[in-house]
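Participant: I am attaching a structure below and will ask some questions about it afterwards.
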Amino acid sequence: MTSIADIRTDYARASLDIADVDPNPLRQFRRWFDEAIRAEVAEVNAMTLATVDPQGQPSARIVLLKNLDERGFTFFTNYCSHKGEELAANPHAALLFHWIGLERQVRVQGVVEKVSEAESDAYYHSRPLGSRLGAWASEQSSEVPDRAVLEAREAEYRERFGDAPPRPPHWGGYRLLPERIEFWQGRPSRLHDRLEYRRQPDGGWHIVRLAP
């Protein structure tokens, strides 16, 4: 049996230097994101979202990035889910992208806000019909006795709305407004490259190198 402690990989694909990155971290993220797409990284927009409840208990789960602009990173979910309740109590959150094929990670820290109703409507109506009905059928994070209950709810809403369900009031988008963004590039001997962008009071960004 393979020892877990003996599982390791030495990284040597690329390097990362302050002289080579964009002064704006959102543009730098887009550069890396596009490279990950070209490299055919699976689920390139999958990201870990970390939140904290009022008692300080952290939670993490995978969600999907659905928009990126000069304001930040947008994802969509059920506002009444555990993460929605945690974000309502404490809007500070973190994201992590891990593109293992490129030996890269991106960590994002900031404050989360709800996107506009129009943004939530536009994305909701772009989704496949099954996903739109699922947003009605699933009381996300609540206990259900079995899968049949979910399927019955989905059938009920399909009968009720047909192929034109409206967006549920409990479902919509969030945008994480970044305050810090770290780009991590794996390097040999665990001497990885880490560059962190820190938002300044004037809205600009300061870049520092961190020890691995």
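In case you wondered, yes, glycine gets a Cβ from its N, Cα and C as well.
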Participant: To which of Gln105, Gln109, Gln200 does Swiss-Prot also attribute binding of FMN at the site defined by Arg61, Ile62, Val63, Leu64, Leu65, Lys66, Phe76, Thr77, Lys83, Gln140, Ser141, Trp184, Arg194?
Facilitator: Gln105
Participant: For Arg127 (substrate binding site), which DSSP three-state class applies?
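Facilitator: Going by the DSSP assignment, Arg127 (substrate binding site) belongs to neither helix nor strand, so it counts as coil.
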Participant: Out of Arg8, Arg61, Lys66, Arg127, Arg190, which of the binding-site residues has the smallest number of neighbouring Cβ atoms within 10 Å?
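Facilitator: Arg8, out of the binding-site residues Arg8, Arg61, Lys66, Arg127, Arg190, has the fewest neighbouring Cβ atoms within 10 Å.
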Participant: From the binding-site residues Lys66, Arg127, Arg190, His192, pick the residue whose C-alpha lies nearest to the C-alpha of Trp184 (FMN binding site).
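Facilitator: The answer is His192.
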Participant: Among Arg8, Arg127, Arg190, these being the binding-site residues, pick the one whose CA is nearest to that of Val63 (FMN binding site).
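Facilitator: That would be Arg127, the closest of Arg8, Arg127, Arg190 to Val63 (FMN binding site).
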Participant: So of all those binding-site residues, Arg61, Leu65, Lys83, Gln140, which one's Cα sits nearest to Arg190 (substrate binding site)?
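Facilitator: In terms of Cα distance, Arg190 (substrate binding site) lies closest to Arg61.
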Participant: Work through the binding-site residues one by one (Lys83, His192) and point out the residue whose CB has the fewest other CB atoms within 10 angstroms.
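Facilitator: Sparsest of the binding-site residues Lys83, His192 by Cβ contacts within 10 Å: His192.
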